[in-house]
Amino acid sequence: MYTLARQLLFKLSPETAHELTIDLLGAGGRLGLNGLLCHRPASLPVRVMGLDFPNPVGLAAGLDKNGDAIDGLAQLGFGFVEIGTVTPRPQPGNPRPRLFRLPQAEAIVNRMGFNNLGVDHLLARVQAARYSGVLGINIGKNFDTPVERAVDDYLICLDKVYPHASYVTVNVSSPNTPGLRSLQFGDSLRQLLEALRQRQEELAGRHGRRVPLAIKIAPDMSDEETAQVARALLDTGMDAVIATNTTLGREGVEGLAHAGEAGGLSGAPVREKSTHAVRVLAGELGGRLPIVAVGGITEGRHAAEKIAAGASLVQIYTGFVYKGPALIREAVEAIAALRGERPVGTH
């Protein structure tokens, strides 16, 4: 069924198809229909960050930026759903066109620029949703906030989303907000992490529960830079790392239509680079901090490869665009086979 749906959606511009998909998933979620349209994965429970996941395959941030289809996405069988990136104030993002398909490579180039309706709108959608599973909320800074004041935006968002999130992801790795990636390095990173950690402790006391903080990093750092990030995460008491965001590289798509468009490349071509980052992180972290792996999972075995590389959880987005909900089940089954476990029933 998804093959036909994809053929129809791919006749539309990528962003129009994206918007229509969110609308349809949202409507299906409200009616409880989405779970009837696909074979949901069996249960493969895992506990990470102190949270219980029904399976280790989640939706990466970026598909549902405003929380408009939380119930609909959950009904497809994701073990967890991450929404956003959201900023303190609404912003339109970069001019269109800003989203490009590279179907020959099962890839997408985007330069969306954190387009979203703001954190208050997102929280209204979260409160309207019936979903009671693991919900991640991905936070960022507004385009017009100077990088040296970025911490202010992250703290505003953290304050607001904290009571409603299962975990919070701090996005310092989008290539489409000028200067943002500089926050991944040196003193800038440590100052941001220390401010977030201090606020997390204050909020935990206020709300009576500790919401884990994850940091999402880029795949374009050297091994030593990635190792330095890992050490900073340990030193400042972060709870998880998500590896990775999109790449500025164009390896594997040279000569394809839209390959030269500015923006971050996701999908199959980023797979090896992202998995390599997971291996580097795993070597440095030594099991002291969980890794959520994302990047280039277009088949179930790719999810298992990332678990084997050291990840505890995986996320999909571009692969979901190309393969549909069946990829969730394939990934769960591949991870179960890797672990020598048998998934139980359906959830």
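Glycine residues also receive a Cβ, built from the backbone N, Cα and C atoms like all the rest.
According to Swiss-Prot, the residue from LYS65, LYS306 that belongs to the substrate site alongside ASN110, ARG111, MET112, GLY113, PHE114, ASN171, ASN176, ASN245, THR246 is LYS65. Swiss-Prot lists ALA61, GLY62, LEU63, ASP64, LYS65, THR85, ASN138, ASN171, LYS216, THR244, GLY296, TYR317, THR318 as binding FMN, and of GLY32, GLY35, GLY267, GLY345 the one it places in that same site is GLY267. Secondary structure from DSSP puts LEU63 (FMN binding site) in coil. Other Cβ atoms within 10 Å of the Cβ of ALA61 (FMN binding site), summed over all protein chains shown, number 27. In the three-state DSSP reading, TYR317 (FMN binding site) counts as coil. Taking the C-alpha positions, the distance from LYS216 (FMN binding site) to SER174 (active site, nucleophile) comes to 9 Å.
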